[in-house]
Each structure stands twice: as C-alpha cells, then as structure tokens.
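K.L.:
Before I ask anything, here is the structure I am working with.
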Amino acid sequence: MEDSNLADLPQGLQMTEEEHMEKIRRQMKSNIVYHLTWCLLSCLIILYTPDDSCQIPVHLLLIIRMSIRLFYSLPFKVISYYLAKQRVINPSSVSILSTAVATPLFFWYTFMVILFFTKYNDCKESSFPLYLGLLLLVVESILYLIFFILISMLLCCIGILTSVICFIKWRNKNNNKKISNLLLKAKGLRKDPRECEHAEECCICFGEFGSDSKVICLPCNDKHYFHSKCISEWMKTRNSCPICKSVVTVELLKQYKKKRPVVTEMQRINTTSNSSAVQ
C-alpha cells in the first residue's frame, strides 16, 4: 500500500523514491543475514573452542564485535530504513549516514589488523578454530580499511580539485580586474575618435563614436576599438576581444602600450591642419 505522501508526488519522482526504498530494503535484508551469520559463527567458535590455548583473547574480541553488530550497526540499519519509509529522512542519504556511522569503527579495524601481525599471534599453531575466528575479524577489518582509504582518497581528490578550481577562478577574476583597470587608465591604448574609419559604432553598446568619446584599441588588431567604459566592463567578466575572441592579458597590453606611439593633442591638431592644407 503506497504512502499518501508518495501518491501525491509526480510519477517520475515517485519511481525514484520507490527505487530508493527497494534498494534500502534489499540492503537491510542482506545486512541482517550477514550480521546474524557472522554472530552465529562467532558463537560456535566461542562455545566449542577453549580460549586459553592462544595468547590473543579471541573470545573477548568476538564478543566485542558481536556487541557492536547487535547494538550499534544492525539497529542503525533498521532505524534508517523505517525513518526513510516514513519520509523523516531522504532515502538517498541513508548510504551516506551508514558510512558516517561506520567511521568510528576505523580504530577498531586498525587495532585488529595490527594485533593479527604481532608476535603474540600464535593461534594458528595452538588452535585452528581460534585462528579461524581471528582471521574472520581481520579479513573484515582489512576490507573495511580498504573502503575507508578509498573514500578518504576520493574526498581528498574532490577537495584538491575544488581548491584548484576556486584558485583558477580567483586568479582569472583578479587578472580580469587588472586588465579592466589598465584599459581605463592607459592613455597609450587610446585612439582618436576621428580615426575610427573602419567602424562608426562600438560593437559592445552599438553607440556611435563621438568627437569626445574615449576610444580604446586592443593589441589584437588596430581596427578593433571600443568605448573605454564598454571594453573595461567587458574585460571584468572575460579576457578576450569581443570581435576576434583573441585572449587579452596584462603583459600583452603593456607591451602593446610601449610599442604604440602616443599622439598628443598638438600633434593631432597639426596633422589635421596639414591635411586641410593639402586638400
């Protein structure tokens, strides 16, 4: 019988929720079978093998691990399933919570692996059933440790990748700001509006070049010129020419500024007068 809240959801989301719940249900059943089987094997080892034949207290370790399973891991699985079923928590977050709950057991698993490889481990020679019980603990510990290491490596890679992306964005934003400020202040990049014969208007704002307009020429091409404020605002978000998409850098602007001759107002007046006289 479907939950009333589930029935109110759209069909696509309904299938997604049902798939999550079915996945959690299967995981819970397999976990219950796994935990109970493990506890049954542990009980058989405890009941039918003496504990004094091995220096490592295998019986005590098995009892501790059974207690963790019965009173920590297994109840959490059951509670998580019913909370997800009642829509108290998101079904897709159950696996994340399971990993978080298993994290404190990292120290237990590490201890078991270290104990197995110490000189006190003489269970193989003295009692094979006890050695089998200890091996059961160690194999499980190694598998969980591999899982924790892989998860840690994945989180580290995600953290490093996020840091690199943030740094690149910050650097690009900082460079774009420098380019924008340089375009506003660099007189060597300005162009006389009367020389704008290849285009009568700015391709960014589509405004005409007036006699009092401040026009900036980019180093990619002498024919690519724009209003000073327009190209400055443009460069705050992208570092490329609006026309040819060539990359514009601070170093390129500085080099172009040095090569480009700075024409003074007196020189412009003289040039205009000479042109009028020739005509």
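Glycine is treated like the rest: Cβ placed from N, Cα and C.
The annotation domain 'RING-type' is assigned in TrEMBL to 202-245. Feature annotation from TrEMBL assigns transmembrane segment to 32-50, 62-84, 96-117, 142-168.
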K.L.:
Please identify the stretch among 32-50, 62-84, 96-117 with the greatest number of Cβ pairs below 8 Å relative to the transmembrane segment (142-168).
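P.N.:
Counting Cβ pairs under 8 Å, the winner is 96-117.
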K.L.:
I need to check the long-range neighbours of the transmembrane segment (96-117): which residues 6 or more away from its ends have a CB within less than 8 Å of a CB in the stretch?
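P.N.:
Here the qualifying positions are 56, 61, 65, 68, 72-73, 76-77, 80, 89, 134-135, 137-138, 140-142, 144-145, 148, 151.
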K.L.:
Over the domain 'RING-type' (202-245), what is the model's average pLDDT?
P.N.:
78
K.L.:
Could you put numbers on the helix, strand and coil content of the domain 'RING-type' (202-245), residue by residue per DSSP?
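P.N.:
Looking at the domain 'RING-type' (202-245) with DSSP, the answer is 8 helix, 8 strand, 28 coil.
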